[in-house]
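Working notes, beginning with the structure itself.
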Amino acid sequence: MGRTAAKEQFNWDDYLKETESVAAPLHCFRQSRIPPTNDFKVGMKLEAHDPRNVTSVCIATVIGITGARLRLRLDGSDNKNDFWRLVDSSDIQPIGTCEKKGGMLQPPLGFQMNASSWPMFLLRTLNGAEMAPAAFFKKEPPKPVPNCFKVGMKLEAIDRKNPYLICPATIGDVKGDEVFVTFDGWRGAFDYWCRCDSRDIFPVGWCSLTGDALQPPGNNVSITKSSAKIQSSPSKVTRRSMQSPQKSAPVPAQRGRKPGRGKPPGQSAVPKKGRSPKNIPLTKSTSHTENLKTRKKSLKPGKKKKILPEQLTPASPSPHSSPEGDNGTTQILKDGISLSGAAASVISTVCVYVNKHGNAGPHLDKKRFQQLPDHFGPGPVNVVLQQAVQACVDCAYQSKTVFGFLRSGHHGGEMIT
């Protein structure tokens with residue numbers, strides 16, 4: 001909440017040199033060599049395949065725009081099933097295309113009204129609506145043949161659990177027409193298998209051409225040079241919404257991730273609970289000798305043992321793509337940490353969920369309360385608590401009144417600093 005610090009620009013040239021790696025060639029991707037222009041505007045209507053029932057063509061509305069991508073919501077569905085498509089995707093088309101091909105527009109899966117009311121709903125939806133012009137839709141590029149990705153190549157990839165985000169990634173494995181995408185510096189929960197012609201992967205430098213904000217790698221990036229260290233820098237809190245400076249629609253959501261290496265295929269893993277946010281300040285590392293001593297001690301309830309990356313054996317991934325999530329990002333923690341080798345601790349996190357169906361009480365504006373995200377976090381306790389409390393203060397009729405409840409000694413509350 002409040003003003004945020006600008007994020008440092010990620011530099012691919014420096015990163016490739018530092019990691020002594022190479023970028024995947026352009027011809028490996030099913031992407032246009034020159035990214036297509038995005039002329040769409042928020043509120044425009046188009047036809048789109050329902051991602052949960054791909055045989056159905058539905059009416060969709062553009063509710064967000066970033067780079068060459070559109071955030072779409074199927075008319076008649078709720079805001080929990082929004083999805084992203086490139087402007088040159090074959091999954092979207094101008095209004096009227098389905099009828100010209102002899103098809104019929106269908107209600108989306110989970111249509112919120114009675115199915116018999118669909119024809120009238122469709123008429124009301126399209127009456128007076130702004131239709132996206134046919135010229136705005138671009139031809140989808142051809143599929144690359146054959147799969148020419150190799151293990152270790154760098155690329156940019158969509159985080160399917162947080163599909164607004166595009167992050168630096170590495171090809172972790174190649175099997176037939178599929179590739180295993182691992183996100184640099186993050187534990188393997190976000191990695192996934194996809195086809196080599198997936199529209200969710202992009203060549204190095206794509207975001208700089210489209211204007212998308214490329215997320216920096218996680219904290220624990222593999223540096224091939226033995227003497228290399230990640231230098232520390234001042235801690236920052238960066239807030240980004242789904243809005244671009246020119247055109248977009250607000251999408252409240254949160255994102256949290258575990259720092260660590262992506263999971264290389266073919267190995268077993270130690271299961272872990274909880275998530276850590278993208279960049280958690282790590283204040284100390286544990287020596288190997290100290291760690292051996294720690295293993296001999298039993299853990300007491302309510303406490304977590306700090307785990308070193310060298311203790312972990314990465315898990316074997318499944319060669320199936322994980323389902324698309326629908327989380328954007330509003331807050332990302334950025335800190336400075338100093339890591340020598342692979343010694344880094346893992347910090348527990350919390351997540352605060354917002355019950356929008358309950359009574360907001362006499363002090364909170366119900367309309368503002370309904371606009372809050374569904375949850376805050378996962379993240380460090382102090383950060384998540386600050387976000388939740390600040391949200392309540394922002395929703396208050398009188399901010400001073402709500403803030404007064406937080407002062408030590410009043411109503412059992414505590415001052416949040």
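The backbone N, Cα and C atoms fix where each Cβ goes, and this holds for glycine too.
Per TrEMBL, compositional bias 'Polar residues' is recorded for 218-247.
Annotation comment: TrEMBL describes 294-306 as compositional bias 'Basic residues'.
Mean model confidence for the domain 'Polycomb group protein RNA binding region' (253-310) is a pLDDT of 43. Look at TrEMBL and you will find 253-310 tagged as domain 'Polycomb group protein RNA binding region'.
What TrEMBL records for 349-416 is domain 'SLED'.
What TrEMBL lists as region 'Disordered' is 218-332.
According to TrEMBL, the feature repeat 'MBT' maps to 10-108 (among others). Summarised by DSSP class, the composition of the repeat 'MBT' (10-108) is 15 helix, 33 strand, 51 coil.
Summarised by DSSP class, the composition of the repeat 'MBT' (116-217) is 22 helix, 30 strand, 50 coil. According to TrEMBL, the feature repeat 'MBT' maps to 116-217 (among others).
Remark: secondary structure over the domain 'SLED' (349-416) totals 26 helix, 11 strand, 31 coil, with classes taken from DSSP.
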